[in-house]
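Q: Pasting the relevant annotations from Swiss-Prot:
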DOMAIN    21-56  domain 'EF-hand 1'
BINDING   D34, N36, D38, S40, E45  Ca(2+) 1 binding site
DOMAIN    57-92  domain 'EF-hand 2'
BINDING   D70, N72, N74, S76, E81  Ca(2+) 2 binding site
DOMAIN    97-132  domain 'EF-hand 3'
BINDING   D110, D112, N114, E121  Ca(2+) 3 binding site
DOMAIN    133-168  domain 'EF-hand 4'
BINDING   D146, D148, D150, E157  Ca(2+) 4 binding site
Amino acid sequence: MTTMAARRSEAAPAPQQLRGSQLKQLRELFRRFDMNGDGSLTQLELAALLRSLGLRPTGDEVHALLAGMDANGNGSVEFDELAAAIAPVLTTQTHLVDQAQLLEVFRAFDRDGNGFISAAELARSMARLGQPLTFEELTRMMRDADTDGDGVISFKEFAAVMAKSALDFLGVA
């Protein structure tokens, strides 16, 4: 075994702990953004993946994220490295959320069905979930999620918040 191969197997364990469907979803996501098909994500490819999730990381943030995931030190992220970074969360009952599932959650919050979540809808939904919000918490959540400043949360803004929350939970944001 070469030194690099030995280093890779130590630093980024294979993602056997992921269930089949999780591994398949993650592999599809990885392949979609591996633009040149070389089996690794460059900084630009990783940035594109993050942007597809609704995030807007700076170049420095993408660089730091890549450095944290790049277990073998080659300057890019291979599938096993991505899987190793995500597996701890996925194996604790968290699943990759597809657009249909995310839309279903969004619609549950969007009580009037107009395609936007208002502050009142957010407050009612959180209370129904057993997580009532103070006025300050509600104001902060709306301010953080409503990136275009129109006073409501669109699906795109909702998806971005959910993606950021997932990355924060992973410790990679």
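Including glycine, each Cβ sits where the backbone N, Cα and C put it.
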Q: Rounded to an integer, what is the Cα-Cα distance in Å between N72 (Ca(2+) 2 binding site) and D146 (Ca(2+) 4 binding site)?
A: 38
Q: Check S40 (Ca(2+) 1 binding site) against DSSP and tell me helix, strand or coil, would you?
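A: DSSP call for S40 (Ca(2+) 1 binding site): strand.
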Q: Using all protein chains shown, find which of the binding-site residues E45, D70, E81 scores highest when you count other CB atoms within 10 A of its CB.
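A: Output for this query is E81.
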Q: Excluding D146, D148, D150, E157 themselves, which residues in that chain have a Cβ inside 8 Å of the centre of the Cβ atoms defining the Ca(2+) 4 site?
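A: So the additional residues around the site are A145, T147, G149, G151, V152, I153, S154.
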Q: List the helix, strand and coil residue totals of the domain 'EF-hand 2' (57-92) as derived from DSSP.
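A: Each residue of the domain 'EF-hand 2' (57-92) counted once, the result is 23 helix, 2 strand, 11 coil.
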Q: Could you state the whole-number distance in Å separating the C-alpha atoms of E157 (Ca(2+) 4 binding site) and D110 (Ca(2+) 3 binding site)?
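A: Answer for this pair: 13 Å between alpha carbons.
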Q: What number of additional C-beta atoms lies within 10 angstroms of the C-beta atom of N74 (Ca(2+) 2 binding site)?
A: 13
Q: Which of the binding-site residues E45, N74, E81, D112 has its Cα closest in space to the Cα of D148 (Ca(2+) 4 binding site)?
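A: If we rank E45, N74, E81, D112 by Cα distance to D148 (Ca(2+) 4 binding site), first place goes to D112.
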Q: Looking only at DSSP and grouping its letters into three states, which state does D112 (Ca(2+) 3 binding site) belong to?
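A: Reduced to three states, the DSSP call for D112 (Ca(2+) 3 binding site) is coil.
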Q: Can you tell which of N36, S40, N114 has the most other C-beta atoms within 10 Å, given these are the binding-site residues?
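A: Within the set of binding-site residues, the most crowded position is S40.
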Q: Using Cβ-Cβ distances, find the residues under 8 Å from D34 (Ca(2+) 1 binding site) that belong to the same chain and are at least 6 apart in sequence, listing them in sequence order.
A: S40, L41, E45
Q: What is the separation, in Å, between the Cα atoms of S76 (Ca(2+) 2 binding site) and D150 (Ca(2+) 4 binding site)?
A: 38
